Each structure stands twice: as C-alpha cells, then as structure tokens.
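Right, one structure below, let's go through it.
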Amino acid sequence: MQTRCALVGMPGSGKTTVGRQLARRLQLPFVDMDQRLEEVLGTSIRQYFEECGEAAFRDHEQALLAELAAQDGPVVLSTGGGVVLREVNRAALRTGFDTVLYLRATPEDLMRRLRHDQNRPLLQVEDPLGRLRELYRVRDPLYREVAQHCVESPRPTVHGLVSMAAMQLEMTAAARRRR
Ligand SMILES: Nc1ncnc2c1ncn2[C@@H]1O[C@H](COP(=O)(O)OP(=O)(O)O)[C@@H](O)[C@H]1O
Ligand SMILES: O=C(O)C1=C[C@@H](OP(=O)(O)O)[C@@H](O)[C@H](O)C1
Ligand SMILES: [Mg+2]
C-alpha cells in the first residue's frame, strides 16, 4: 500500500512501537521523529531538554516536521507527543500526510506503561499522573482536530493496535481509490 501516514498521541500511547511494526507489516519506510532529532542534536531528548529547554526542542521538532511534510513518497511517521501543540505543525500534518491516526490511551493506562521510564522529560516530576492528566486535557482536543481516525481499545495490545491501524489505512486507501 502506498500511503503517507502519521501517528499522533500522548507519550506512551505506542507511536514509536506501533509505528515501527505497522511500517514493517505494510512494507513502508519508517521514521520516528524523536529518533531523528536525537541523531540531529547528537544527544538524548531528555538531555537536550535539560540543557536547552523545551522551546528550543520545539523549534527543532517544527523544522524537522516541515521537512518531512514537504517530502513525497510513502512513509509511516511516528511523531513526538507534543507535536500538535503548534498550529503550524498541525497544518503540516494535515497537508503533508494522507492519513493521521490518533492512538488514544487514558492517563491511567499511560501511567502504568511509563511508571519506570526515565526518558520522557515532561514526566520526571513528583506527580507524573497529575502531569499526564493535565497534558491529556490540553492535547486530546488537538489530537482529535488533526487526526482523521482515533485508534483505541479498552485493552489494547501492541499487536491489536497495529492491526487496527493497518485496517484503518486500508479502508482510507480504498475510499481514496473509489473517489
Ligand atoms: N498498547 C500497548 N500496550 C502495552 N504496552 C504498550 C502499548 N503501547 C506501547 N507500549 C509500551 O509502552 C512504552 C512506550 O511506548 P512508545 O512506543 O515508546 O510510546 P510513544 O512513542 O507513543 O511515547 C513501551 O515500553 C511500549 O512497549
Ligand atoms: O509529549 C511530549 O511533549 C514529548 C514526547 C516525547 O515523545 P513520545 O510521545 O514518543 O514520548 C518527546 O517528543 C519529548 O519528550 C516531548
Ligand atoms: Mg515515541
């Protein structure tokens, strides 16, 4: 299948894990924005946040998304959870990709997954669940605004999410062919 798909969602929703497996299943090139940014910045995201701050990170994220959105050719793109915060990024997602999928998960589920994770700078706080709830309150409407489809399940497994995402892309591609 030839498609340009982007995955959005909260940190821990599975964008990186599901995106990689989805790309493998559909035999499409895979790009993870955070992995690319770590290569460009020459350091980990967490380290970069600590040394240069979130705003500097967001500028690099915006520049990379603009570059990726201007390319053509099939791709599965896993974004970082905060990419939807800037309107210019939401516009790039809308214009640069055929399909944007929102991997939705509740703050409580995300907390269970990320309890021992030290790589997400925004969650290295005293009350990470409170932070996740606050991020979710602000971002859930933005993910919904930018995505055509919401991929969710009460008991999601990575395999289940990959299947749901693949099905959604097949349906979108078929609808496009009929038009
Ligand atoms: N649906 C899921 N069910 C259980 N664990 C998951 C699921 N999605 C992701 N994970 C796990 O949660 C962690 C964060 O996933 P990741 O793909 O890095 O999320 P994101 O890129 O959205 O921040 C990883 O350890 C991953 O294996
Ligand atoms: O939610 C966020 O603002 C961020 C999420 C991270 O990516 P994941 O969503 O893959 O964790 C990474 O881009 C950075 O730490 C900021
Ligand atoms: Mg990720």
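Along the chain as shown, residues are numbered 1 onward.
From the backbone N, Cα and C atoms, a Cβ is placed for every residue, glycine too.
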Gly12, Ser13, Gly14, Lys15, Thr16, Thr17 bind ATP per TrEMBL; candidate in Arg94, Arg120, Arg131 listed for that same site: Arg120
Binding-site annotation, TrEMBL, substrate: partner of Arg58, Gly81, Arg139 in Asp34, Asp109: Asp34
Residue, out of the binding-site residues Ser13, Thr16, Thr17, whose Cβ gathers the largest set of other Cβ atoms within 10 Å: Ser13
Fewest-neighbour residue among binding-site residues, criterion Cβ within 10 Å, set Lys15, Arg58, Arg120: Arg58
Binding-site residues near ligand 2 among Ser13, Thr17, Asp34, Gly81, Arg120, Arg139 (Cβ under 6 Å): Asp34, Gly81, Arg120
Separation of alpha carbons, Ser13 (ATP binding site) and Gly81 (substrate binding site) (Å): 9
Binding-site residues whose CB lies under 6 angstroms from ligand 1, from Ser13, Gly14, Asp34, Arg58, Arg120, Arg139: Ser13, Gly14
Filtered binding-site residues, from Lys15, Arg58, Gly81, whose Cβ is under 6 Å from an atom of ligand 3: Lys15
